[in-house]
2 protein chains.
Amino acid sequence: MPVVGMVGGGQLARMTHQAAIALGQSLRVLSERSDDSAALVAPGVSLGSHLDLAALREFAAGCDVVTFDHEHVPGEHIRALADAGHTVLPGADALLFAQNKRAMRERLTELGVPCPRWAPVERGAGVKAFARGKTVVVKAVTGGYDGRGVWMVGPDDPLPDTELIVEERVTLVRELAAVVARSPFGQVAAYPVVETVQRDGICVEVLAPAPHLSEERATAAQELAIRLATELGVVGLLAVELFETPDGLLVNELAMRPHNSGHWTIEGSRTSQFEQHLRAVLDYPLGDTALTAPVVVMANVLGGEPGGISIDERLHHLFAAEPGVKVHLYGKQVRPGRKIGHVTALGDDLEKTRARAARAARWLSEGREA
Amino acid sequence: MPVVGMVGGGQLARMTHQAAIALGQSLRVLSERSDDSAALVAPGVSLGSHLDLAALREFAAGCDVVTFDHEHVPGEHIRALADAGHTVLPGADALLFAQNKRAMRERLTELGVPCPRWAPVERGAGVKAFARGKTVVVKAVTGGYDGRGVWMVGPDDPLPDTELIVEERVTLVRELAAVVARSPFGQVAAYPVVETVQRDGICVEVLAPAPHLSEERATAAQELAIRLATELGVVGLLAVELFETPDGLLVNELAMRPHNSGHWTIEGSRTSQFEQHLRAVLDYPLGDTALTAPVVVMANVLGGEPGGISIDERLHHLFAAEPGVKVHLYGKQVRPGRKIGHVTALGDDLEKTRARAARAARWLSEGREA
């Protein structure tokens, strides 16, 4: 069997390892620390930095395919691995558009894909002219995630000292995500479009399928994601984060890996996004993306304040109250606001299913009901 | 979080590790060989024999709970661990009835549980009198599994040279299995009763729920399994293998661990048997055992004849033909007839779902359609 290696030892690698086991594999992981989420559960973990080309070369030598848990591997390192004959998926040319927000906006604009109005920021210049006195969204071109690297900037606020783009603040109905997978052969499989709910820039809840989304708009979102996967040459998963506005859909961000907006697929779809990513990078035919229940709700478990009962005790209470909610804990040290796990509830009724997931996540996060 | 250790590195430990990851754990495994099924996918595997008390003691010292992938750990070793203060579940007194067929038949007879007519065999004596000229079933008291240790013995056949019991050859309608879990607290959860299909003494197919089983008989089977789990003091899973006969149900065998008749639960039940076993031995409240689809069919993948296309190529064909069938490969070397994996199909229609599972298993086993 071919060997898949994942650079980065976070929860995405951890859950990909679970999927790899079913396929007769054991995911190889390049992890920074021995207590990283995936390093705790996979054998033969390589310790090393994703910024260290020598470590990447050594890791790639033991793999048939190298893929990623995050988008922080420098493009020149990915190119160096490819030049040395390693199969790295997604490739550097595609991954650029998930690593660099300016490159992404430029390319999407070329492709005529609807985005928020935006502009590059050259040494702080141009923001005032762009903003015309309004509050705008300023984003670091590289390195942001989970709300980091994104700022709301009013007319008199100073600008962060990093390479930036500026975007209009969009009037949102809500946020959606369209996740697709693409194989080297060119097969594409699309998951149902979901609604994502953010708090302080962090995804807290995903509703699948997106409630009350018209079939026309759902299809448009899937077609957009499929088009982007194809045009950008993505292999593996592509998550397209979308703004739903009164006037239609705008692309917010791209990710090219298993994504928080797809965690619901572990129980909620016939093929989990983690298995799908493996199938894609191995060029296997892709799996069925059908829902397994009418309503699937994923809620993230964020680290709560220190103290209180242990996670183990919290699990006891949760399992007693909700025998059907599925729990995924990442083995990470608890820090306030850090994603330490997620829960998934399946059901027929949106509000009831949502309440069950929220209650379960709160129990694990805070060790109490409300 | 508490640490669960499993003695034995087979596919049951492998799939239990997948479930442990979701619960924020990493299963510890005591494995005989570094290329055992579970040892390939779990970190920090202890290498050692389940027959070696020193190895067991060292392993148990790193675990909060010790449980089993098979029933071959000697009872006196389990007692020694318990005497040293380790939590071992199921305990030696319960596990005896899964290890020793004579003890099991004696206890079940005491409890008034319906079994095939049987008798102990003292140095070969008594079989002819028991058989009265008919073919009978002779079973090794200890050590049998997957058809090994069971013989059909005609009037003139010699007896195997080991400790035996003899049983009547039952007129079967079919075989069923009732899987339940029991926690130390005493909570019990029962899975839907399934039909198991054997070939040459090896389970090849499991149909969930058992087709056309009357609700009355299904409930009787679940109640019997719950009663046995309670009376025998089982903690963890108990699989009760049953003969359905024209006159009712008879107990064939007991197993106290995740069981082949429960593999369908990974996708087919809200809580997999592997998660349920962990919840039980950790004394967590047990999970929902509801079916996730009207029909679930599991088919074992047995090693085929040497040669032909690789397992990797077989996966390509299978995934192209059946994008919704779920595959579980155990990472084991292929030997003819050896269980190397299983597949699960979910659907609405029994015959169609069964055909999909059988076709998928055949592809993986033989690398061709039929």
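Note that Cβ sites are derived from N, Cα and C of the backbone, with glycine treated the same way.
Automatic, uncurated: that is what TrEMBL annotation is.
Listed in TrEMBL:
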| type | residues | note |
| --- | --- | --- |
| BINDING | B:Lys101, B:Lys139, B:Glu167, B:Glu168, B:Arg169, B:Val170, B:Glu175, B:Asn252, B:Glu253 | ATP binding site |
| DOMAIN | B:105-282 | domain 'ATP-grasp' |
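For the ATP site, whose binding residues are given in the record as B:Lys101, B:Lys139, B:Glu167, B:Glu168, B:Arg169, B:Val170, B:Glu175, B:Asn252, B:Glu253, the maximum C-alpha distance rounds to 18 Å.
Look at B:Lys101 (ATP binding site): DSSP puts it in a helix. When secondary structure is read from DSSP and collapsed to three states, B:Arg169 (ATP binding site) falls in the coil class.
Cβ packing within 10 Å was compared across the binding-site residues B:Lys101, B:Arg169, and the lowest neighbour count falls to B:Arg169.
For B:Glu175 (ATP binding site), the count of additional Cβ atoms within 10 Å of its Cβ stands at 21 [all protein chains shown].
Per-residue confidence over the domain 'ATP-grasp' (B:105-282) averages out at a pLDDT of 94.
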